[in-house]
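According to TrEMBL, the feature active site, nucleophile maps to C86. Positions annotated as active site by TrEMBL: H194, E196.
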Amino acid sequence: MKAAVLVFPGSNCDRDLAVAFRNAGADVTMVWHKDSALPQGVDIVGIPGGFSFGDYLRCGAIAARSPITAAVIDHVHRGGYALGICNGFQVLTETGLLPGALMRNAGLKFVCKPVDLTVETTDSAFTADYGKGQGITIPVAHHDGNYVAAPDTLAMLRDEDRIAFTYRDNPNGSVDDIAGILSQNRRVLGLMPHPERAAEPAHGGTDGAAMFTGLIGALAPA
Ligand SMILES: NC(=O)CC[C@H](N)C(=O)O
C-alpha cells in the first residue's frame, strides 16, 4: 500500500501518522502542501492533525485551498482513499469532501485526553479490523471538534451507515456524539480522535493500530 502524508505549515502529527502507516507495512511519502501532484500510484492520502496555517480564518480552511489539496480532491474523485485526522478532518469538511463542519468545542476549552469511542460500522477499510459496537480508547486534542450538520445530512449519514465512530462521553458537544464519518463511497474517513497516537505500546494504548492494519488488509495487493 502506498500512502502520502501531507505536510502543511503547522502540521504536528504528520510524522506520527507516517510512522503508524509504516508500522502497518505501508510505503509512505511525505508531501509538502505547495506540491501540486501526489506521488504516482498513491492509494491513500493521510491528512494529519495539527494547526495548519495557525488555525487562522477557520481550522483547515486555508489548507483546504493549498495546491496539494486540489490533487487530493482529484484523487478522491477518482476513487482514491483519504484519512483526515483532527485538523485533517477539518480540512476534509472545508473541501466539501465530507459533509458538515467542526465548530468550537461546546465548553470553549481545548480538550486533550483519552476518550472512549464506539465503533459504529465495520463496513469500511478503516474499521474492518474492529468489531461492530466495540469500545476503544483513543486520545483527542482539539478546540474545534464540535461536529455539526443539517438534520437532513445527519439522517443521510445514519441511513447510509456512514457514522464510523461515536463518543461514549461526548467531550466537545458534537451532534449525536459523532467522532468520525465516512464518505458515500466509504473511502474517505474524517475523525477527531487520533488513532496514530494510540498505535503502539509506548503510546500507552494500541486501540488505534487496527485502523492501519485494516487499511493494509483492504488495500495491499494480495
Ligand atoms: N490536534 C489537532 O489536529 C487540532 C486541530 C485544530 N487545530 C483544533 O484545535 O481544533
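Every residue, even glycine, has its Cβ placed from backbone N, Cα and C.
Curation does not apply to TrEMBL; its annotations are automatic.
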Rounded Cα-Cα span from C86 (active site, nucleophile) to H194 (active site), Å: 7
Count of other CB atoms lying within 10 Å of the CB belonging to H194 (active site): 25
Inter-residue Cα distance where the pair is E196 (active site) and C86 (active site, nucleophile), in Å: 11
For E196 (active site), the number of other Cβ atoms found within 10 Å of its own Cβ: 31
Contacting active-site residues, sequence order - C86, H194, E196 vs ligand 1, Cβ under 6 Å: C86
